[in-house]
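Everything on this sheet refers to the single structure shown next.
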Amino acid sequence: MSILDTGLAAEPLLGYSFLGLLGLLVGSFLNVVIHRLPLMLQAQWRQECANFLQIESVAAEKSTRFNLAWPASHCPQCAHPLTALDNIPVVSYLLLKGRCRYCNGAIKASYPLVEISTCILTLMLAWHFFSQPLALLVAFLLWSWGLIALTWIDARHQLLPDHITLPLLWLGLIVNYFQGSQYFNQAFWGAVVGYMLLWSLYWVFKLLTGKEGMGYGDFKLLAMLGAWLGITSLPPILLFASVTGALYGMIARLSGRLCAGQPMPFGPFLAVGGLIALFAEQAFWQWLSQ
């Protein structure tokens, strides 16, 4: 069944409104993932270190339940629980003028940005896969939402959690397997070559300079993108990520936001490159062939 067989074709305004609302709600949940998953991983790593060293871990971490569902949404500054009216995507931020109603602390602008970008991307994917099977749209929605979470987590913490990257890698291979052998071959080699490309660059750079130019999370992210988009997507992804990453690095250095030798996350540029490849890979190869 494709989108054409659903109500979206008969009532496009209603259908796209529903998808836009879905995007906003998912974006609100992604804000929870972006904020909490790194904290959960840090607590897990501290516990693993404590177990390895055979020392007592922090008692508060043992007794405090903390995951994506608990505790309920609250202000990260004053810890006051938020009501449903405080959690309306984008609208609450505008009504509160970017301030907590309880402590007047600033609310990060990234919250509405994540919600709006998730909404826009959801609508773009619905348009892009309009005549494709509905299951394919659902799969790529999950993929795109995962990319948004990875982008913001890496930008804040220079971390690309395996909890998101690896399940998406396997899901990409499974999706392409059911599309046929040609798609699966492209996906399989896209994952293998994507990983090995950055892995090779990492070791060449390390042997020449003695420094680490990127993290293993970047290898796995490019492998995941290759598993979804195929091996032919890797050149445009790497070209965009390299050029924009270099430009951002130069601008950040000149503006004083990035010091010499300070690491810079590469994942956001790879993720955006993957989205551009999804929508414009064919145009990229046509441009090269001219």
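For all residues, glycine too, the Cβ spot is worked out from N, Cα and C.
What TrEMBL says about a protein is an automatic prediction, not a curated fact.
According to TrEMBL:
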- 21-129: domain 'Prepilin peptidase A24 N-terminal' (DOMAIN)
- 142-249: domain 'Prepilin type IV endopeptidase peptidase' (DOMAIN)
- 13-34: transmembrane segment (TRANSMEM)
- 134-153: transmembrane segment (TRANSMEM)
- 159-178: transmembrane segment (TRANSMEM)
- 187-205: transmembrane segment (TRANSMEM)
- 225-248: transmembrane segment (TRANSMEM)
- 269-288: transmembrane segment (TRANSMEM)
Contacting positions for the transmembrane segment (134-153) when only residues 6+ beyond its ends and CB under 8 Å are counted
1-3, 5-6, 26-27, 30, 33-34, 37-38, 110, 114, 117-118, 121-122, 125-126, 159-161, 164-165, 168, 171-172, 175, 179, 221, 228, 267-268, 271-272, 274-275, 278
Where DSSP helix means H, G or I and strand means E or B, what are the helix, strand and coil counts for the domain 'Prepilin peptidase A24 N-terminal' (21-129)?
66 helix, 4 strand, 39 coil
Could you tell me what the rest of the chain brings near the transmembrane segment (13-34), counting residues at least six beyond its ends with Cβ under 8 Å?
6-7, 68, 73, 87, 89-90, 110-111, 114-123, 126, 145, 148-149, 152-153, 156
The domain 'Prepilin type IV endopeptidase peptidase' (142-249) - residue tally per DSSP class, helix then strand then coil
94 helix, 0 strand, 14 coil
Using Cβ atoms and a strict cutoff of less than 8 Å, what residues sit near the transmembrane segment (187-205) while being 6 or more residues removed from its termini?
169, 172-173, 175-177, 211-214, 218-220, 222-234, 238
Pop the mean pLDDT for the domain 'Prepilin type IV endopeptidase peptidase' (142-249) in here, whole number is fine.
96
